[in-house]
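So that you can see what the record holds, here are the features copied from TrEMBL:
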type: REGION; residues: 1-73; note: region 'Disordered'
type: TRANSMEM; residues: 118-139; note: transmembrane segment
type: TRANSMEM; residues: 203-224; note: transmembrane segment
type: TRANSMEM; residues: 349-370; note: transmembrane segment
type: DOMAIN; residues: 373-444; note: domain 'DUF1736'
type: TRANSMEM; residues: 461-486; note: transmembrane segment
type: TRANSMEM; residues: 492-509; note: transmembrane segment
type: REPEAT; residues: 563-596; note: repeat 'TPR'
type: REPEAT; residues: 680-713; note: repeat 'TPR'
type: REPEAT; residues: 714-747; note: repeat 'TPR'
type: REPEAT; residues: 785-818; note: repeat 'TPR'
Amino acid sequence: MSPYNRSYTPPSMNDVSRSSSSSKTQHPSNPQHHSQKEQRSLNKHSSSPSSIKKSSSPYHQKHWSGSCGNSSDSDDSTSSSWSSSFSHSASSSPSLFYGFYSEGGAELGSPGGYRRSILTLFTISVLLYSYSFSCGFVFDDITAVKDNRDLRPHVPLVNLLRNDFWGTPMLKEQSHKSYRPLTVFTFRLNYALDGLRPSGYHLVNILLHGLVTVLFYHLLLVFLRSRVRNYGMVSFLAALLFALHPVHVEAVTGVVGRAELLASLFYLGSLLAYSKASSPKKSGPSTNWTYLLGSLFLTSLATLSKEQGITATGVAITYELVVNQNLRLQTFTNIGGKKTFRNKSFKEGLRRIGALTSGSITLLLIRMSIMGGNLPVFTRLDNPAAGSDSPTRQLTFNYLSSFNFWLLLSGSDLCCDWTMSTVPLVNSLLDPRNTMTLGFFALLGKLLHKAFMSSDRSTRTLILLSLSLLVCPFLPASNLFFPVGFVVAERVLYLPSMGFCLLVAYGLSEITIHKPQLRSLLISSLLLLSSLHIIKTSLRTLDWKDEYSLFTSGLKVARNGNAKLYNNVGHALEAHKKHEEALLYFRAAVSIQPDDIGAHINVGRSLNLLHRYQDAEEAYLKAKSLLPRSRPGEVYHARVAPNHLKVFLNLATLIAKNGSRLEEADSLYRQAISMRADYTEAYINRGDILIKLNRTKEAQEVYEAALSYENDNPDIYYNLGVVFLEQGETHRALSYLNKALEYDPNHFQALLNSAILIQESGSSDQRQTAMDRLQRLVQRGDSNERVYFNLGMLSMDNQDLISAEKWFRKSIEIKSDFRSALFNLALLLSESGRPLEGAPFLHQLIRHYPDHIKGLLLLGDLYVNHHGDLRAAEKCYRRILSLEPNNVQGLHNLCVVMVEAGDLSQAHSCLLEAYKLAPSEDYIRKHLTIVEERLKHKR
């Protein structure tokens, strides 16, 4: 009898009825009578309270044949010996966690112990990853979250159904084809609640991991209860190992791992629903179609979270065959017999399997339709084996399966990126790594043989369910059906690790039963394993703090084979403006993988940022030379990865710095477009070159062509606005800027320039709109000196001089040499009767811009009227005349200085000259008359 659940839980009437119902057709003996004998036996032990506490076992409470006896091939003939053997085994082997289960923690019917187990597992799962709160967005998080427009509230929700995980339309060639709209929707909810603060995203992931762990535990209790020895201990140990396993860090701490977590949650829910759908009733085998449809619905949700979700039906079919139909080798030999097909349970199971299969096929067809019937484009370096010849491809793919199993087994040497040559290709049958492959498949074969040949239902059930949980979720990433864009990815092991942890837990349980003398050693080993997993997981979580720590940790594992890691360390350094250090890592990437186009592009970009333009151009040309070449006179058909096409953009941008090479830059953009017609970035950049070449009509046509491929791109609408502004069509320009804001209400350039256009138009009706747009930039923290300056100008238009002064001062704080802000602030203070406060800004203006004529005029006026410094004023006006000899205002003011100095004769000559330049100006004629009168009186 099992000691794992001390408090006795009597069998429910459903259990007794179910046992009786199914057994009547299989035994001449009375199963109900047998059940009563067992009950009397238990009652006999009841004479001692302590005995009751220690000896109750769920295996004496139900018939094994009855609880799962829906198949005609069930083990009813051995049910009596089955129970007695269980009694003997359980009583002779104490539990690894005797104390924890001392009050029935594993029993679904014992709420206290079950709740404690759930709470323990959830708490451990969450606390273990608490450091994740301090981690930022790293690696794929940047593209999937930080730069993904689909998270923004202004983007229609329907876009989530059209775009891939990274925000690219599924039908575009450069799409990754990873369709996970449900996961993106949760990111969008995160964004709505807390914007781009990483802690909120990490919190959701941690909580999801806790939920998955407890749901996994609950699923095992449901699946294994009354079918597997020590099912409570096996379930808890498996869930505990799952909660602690270090290989899960990427899925939990990496925000993009949300896909695995969500898929797992729905995956487990689907399996639970299927177990409900196929549970036998009092009346006999039947199907609860509501639960079955619910199972398929949850499978759909799992698939919409991550592609692995579709394999839930495979595990459900295994459950149907192993648990409901009690599959064993003999079943295959009898499956064609009339008795099998007449069996109601078997026919009902076939209906359920048919429903599952039909649902899976439907999901696959929908998925293929969404992809447009095309597989994603990956570079050769993403998955080298996929592009290799036989037998290298087959040997490597088989080895990778064993390598993934090794990661589950060891939990060590984890790496965020296993692409390129991190795992070298297996090129020969003589490669020693083939022994690892053979060992792995031999182990699988041994387990399958043991399961099918064993008469022990507990062993058969456990092994086959474990293998289905291990293998089925891994199949989409195995390269068996289609190539994937990675060599190894730890996060895809999140679901398969459930099957692995279940196997390990069952193995430990079996040893305690058959080798009770090893109990102490096993407890110590388990505690050591758990401690090591906690330490490994905690240390691995620290690696995900930022990109630099993550990628440098990867280099410790894959120092000599992964140029991508060196590139990514370079990117992390580049983000901190450490361009010299970044260049060293980019060059290291080139030395490791000389044909890596991306590495050469990175070298060129770093050299460009270091102003080594000639070297940068050479690096870009080297990258360009590595692209597939087209034959003269033939259309370019090669599929090029989108990130490799950036070499054309980067090289053209560099060349365009030289105004004499604009045509050459335009040629590069046209070449990129010819290689990929929907490459909108090339259209956008080419339009900019055409504007610089004053070919605005052609630029307009280029942008309109880009819209035909991406009609929701705000940058294209903005650039069209710029084109019309260059053409002098301010009304059309403003309409396109407004259109850009429809698709991206936070588009910085569109907000700023539309506000400037409105301000310059003098339209009082739209002035508030302009103010609101600029204020939005301030509130979002995107403001710069131009934003504050234009807020100041709008405030002046509104006669709000206090606000105008505030905005001008803020603008100058950011850019101390901002000429327009300096002058307008000085002018505002002068006209507000505070000219002396404006003097420092005028001096600052003239210091930076000694030829600023309006500033010189205002400063001269300040010297005359407030300082009485005629010499300094004269110097300002003569400076103006040296710049513009015919500047009437400067000449007139110089004349006034002469009058104030008492030099009327020179002033008269000065005014005559001014009068000749502007005979229509009344103030000049008036001042000339006054000076002439004074000269008459003087004579």
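For all residues, glycine too, the Cβ spot is worked out from N, Cα and C.
All TrEMBL annotations are machine predictions without curation.
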Secondary structure composition of the repeat 'TPR' (714-747) [DSSP: H/G/I, E/B, coil]: 27 helix, 0 strand, 7 coil
Which whole number is the mean pLDDT over the repeat 'TPR' (680-713)? 94
Long-range Cβ neighbours of the transmembrane segment (461-486) (under 8 Å; 6 or more residues past either end): 176, 223-224, 227-228, 234, 267, 307-308, 310-312, 314-315, 318-319, 321-323, 327, 375-376, 378, 382-383, 385-386, 397, 400-401, 404, 418-419, 444, 447-448, 450-451, 492-493, 495-496, 498-500, 502-503, 506
Could you tell me what the rest of the chain brings near the transmembrane segment (118-139), counting residues at least six beyond its ends with Cβ under 8 Å? 145-146, 196, 198-199, 201-203, 205-207, 209-211, 213-214, 217-218, 236, 239-240, 243-244, 249, 252-256, 416-417, 534, 537-538, 541-542, 544-547, 550, 568
Close approaches to the transmembrane segment (492-509) from elsewhere in its chain (Cβ under 8 angstroms; 6 or more beyond its ends): 96, 216, 220, 228-230, 233-239, 241-242, 245, 247-248, 251, 257, 260-261, 263-264, 267, 308, 404-405, 407-409, 447, 462-463, 465-471, 473-474, 477, 522, 526
Under DSSP, the repeat 'TPR' (563-596) has how many residues in helix, strand and coil? 27 helix, 0 strand, 7 coil
Per-state residue totals over the repeat 'TPR' (785-818) - DSSP helix, strand, coil: 27 helix, 0 strand, 7 coil
